[in-house]
Amino acid sequence: MGETIADVYAESIDPEIYANNPAYSSLFTPYIHKQTIIADHVSVQCHIDLNGIDAVGSKFGNLNAHAGNFTSLCAPNCLPERLALVAYTVEYAFLHDDETDNAADQEALLLENKMLHQAINQSSMTSVSNRVSAKAQRKSEVQAKIAAEYLRLDPVFGEFFLKAWQTFTASVQDVRSLEFPSLDDYLEFRIVDAAADWTLYNFRWGSGITLTPEEEKIADPMSYVAYAELCLVNDLFSWDKEYDAHVKSNGEVPLVNAVHIVAVTQGLTHCAAKAVVQAEIRAHEERFCYLKEQYKATASPSDSILSWLKLLEHSMAGNWVWSLCVPRYFKVERNPYKDHLEKFGSEAVRVLTPEEHLRDSKQEINGTKEIELQEPKSNNTAESDVLAKYTSGYPTIDEPVLNPYTYINSLPSKNVRQTMIAALNSWYKVPVKSLLIIEGAVNFLHNSSLLLDDIQDGSVLRRGRPVAHQIFGVGQTINTATYLMNEALYLVQMLSPSAVLVYTDEMRNLQLGQGRDLHWSYHTHVPTPAQYISMVDGKTGGLFRLISRLMRSEATVNRDLDISQFATLLGRHFQIRDDYQNLQSDDYTKNKGFCDDLDEGKLSFPIILSMQSPGFSNTALSSVFKGSQKGETLSPEMKQYILEEITARGAFSQTKAVLRKLHIELLRLLMETEQKAGGIENWALRLLIMKLDLGDEKKKEAHKSDSAWKVNQRRAWKGSQKNGRPIDKACFLRAMEEASQK
């Protein structure tokens, strides 16, 4: 497989493009994807999405009229169904790199990467008011589109890839202030700074290549050599452009380039330093070939590793031939982006769009049929009730000073509600003043509910920290919570009378929903799934509907766009997922304690389903929950017993099936709402839905730390033989020089 992979989707490019060019001296033959038009389309689409159609071609990334698309050249065997996303992501990375490279001060650089990190992670977000400009809104949508699509196509890789992306953004803001005593020290960091590892992980996934942890470790030295070669080639061809930017900015734009490092550390002119970098490139390619042949000579070389090595060869050759005459580095007569847009039009390039089949609720998000759930019966309505239309009608009961608020507001947060506000503003275009009022009111209400929840549930931890009432006392915490409710109302009154009606309506829903939950837990009354979902619609869905209804009441466009059903289903998904994770997630154990819902005597969704399973006695479980109401903390052994009972009754599996059904319906409703909103795609909401999906819960692959590349560097250059003894890299370079002179 490793030797034939080039024949799947790749074809060789015309040798006339590079063979007679003295600047091309790679040992490898370049290929290009047969469907490179897909990569070209989405490269232009990224420009339109990010800056509008008039700005297409104002900056340069993938497209190269001379040799071809960067992604198509470096990943010529990318699976066609993944090529669009891979190329779109690389295009955005190019444009983001331009933003950071041109940042004339550290503060601007930090801001660019902070915004990217927040958009991907949807956490620690700054105020919504910082993201209401057209440019910021477009950028946020593009970032969310990328993240959501990876999570949709492959949740396990998507989570890993997004974490690797965050590592990349963090490294950029760190490395630019460092000095490097040698080229090897520089390359260790440059691999991450230039996103070489991140980009190749993307190409590997796109090409359908998977390595086990053991295979990854075997391939690491060869991967390092290839990554370093890619960085060196990039630095060599981009040197003139980067040096010009450095000079024009009077040194404010830093030089992060191998040519500069060699010149400084070895006391050479820039011309001589470029020659050294060229020699280093050849040395790394030679070393790659040597290590590859060594591996192929082992007893049973892995096809996966050989395929990965072939991809690395393609990437090295593709990067080189692309760099020969690319608009990013050199002036060209014609703009390939403008030419492509003129030839194909703006509609043709819109390749990366939401999946059309989601309009049919009977289909799964990934193209397979939806999980067939049992038709609801009179004694088991969980799966039908979960998609039922929301009906209001709760009676009123709302009672709403500042240290507990300051404390809980400082704790880490998933920022789901703030994310939702920013996302909905794509549709409603709420004035900034109103947007800030809504954001403040929702923040007050959310934190108020958390303070009261922790008291009412008897919680010990909140997000891994002590709960507020253990620090400030129960009385003060209650006083703060009620004060926050009043402050939220005070803010809402600044909007309009209709906004106040929305507030009071949803506060009724929220408080009665919470009251039902407390009543059931205290009296150990097991509700039906339908009753539970009705409670969730008030307790959790109320705040989501409050956001959507307040924003709709203040909207400047799409005032007839009602997303109450979407907000209600989002609340159901959020709460049922929280119930599941509390009993099954290691992260929840770390942040809240081991199955703390059991200590609280909370009758969560999996427990309700388990206690309604036919053929099982509930006597033991009921006794356990009655005991917890007397303040008895359950032992780990007792909790394990309960978990085993829930598992045996199939309640966890049924809960996951319900969550999956909600996930699919939320995505379908989102597409339906996007059409009603004039075709405005809301990728921030789509990303929020994807991040809430439990996925297949496969074991997540750990990302390498920066220091790991130093280890791989040593492994890559260890063991080369000359005259029967090991030699270091310097000797290896000298040996090459001697060989070239013979």
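Glycine is no exception: its Cβ is also placed from the backbone N, Cα and C atoms.
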Q. Motif 'DDXXD 2' per Swiss-Prot sits at which of 203-207, 303-307, 398-402, 453-457?
A. 453-457
Q) Swiss-Prot has Arg190, Ile191, Val192, Asp193, Asn234, Ser238, Trp239, Asp240, Lys241, Glu242, Arg328, Tyr329 down as binding substrate; which of Asp49, Asp54, Asp97 does it also list for that site? A) Asp97
Q) If Swiss-Prot says Lys414, Arg417, Arg463 bind isopentenyl diphosphate, which of His446, His519 does it name for the same site? A) His446
Q: Take the Cβ of Lys602 (dimethylallyl diphosphate binding site) and count every other Cβ within 10 Å, whichever protein chain it belongs to.
A: 19
**Q.** Where the record names Lys414, Arg417, His446, Arg463 as binding isopentenyl diphosphate, the maximum Cα to Cα distance in Å
**A.** 16
Q: Among Lys414, Arg417, His446, Arg463, these being the binding-site residues, pick the one whose CA is nearest to that of Lys539 (dimethylallyl diphosphate binding site).
A: His446
Q: With H, G and I counted as helix, E and B as strand and the rest as coil, say where DSSP puts Lys414 (isopentenyl diphosphate binding site).
A: coil
Q | Thr540 (dimethylallyl diphosphate binding site): tally of other CB atoms within 10 A of its CB | A | 24
Q | Among Arg462, Thr540, Gln575, Asn582, Lys602, which are recorded as binding-site residues, the nearest neighbour of His446 (isopentenyl diphosphate binding site) by Cα | A | Thr540
Q | Arithmetic mean of per-residue pLDDT over the region 'Terpene cyclase' (1-332) | A | 84
Q: Let me know the DSSP-derived helix, strand or coil state of Arg462 (dimethylallyl diphosphate binding site), please.
A: strand
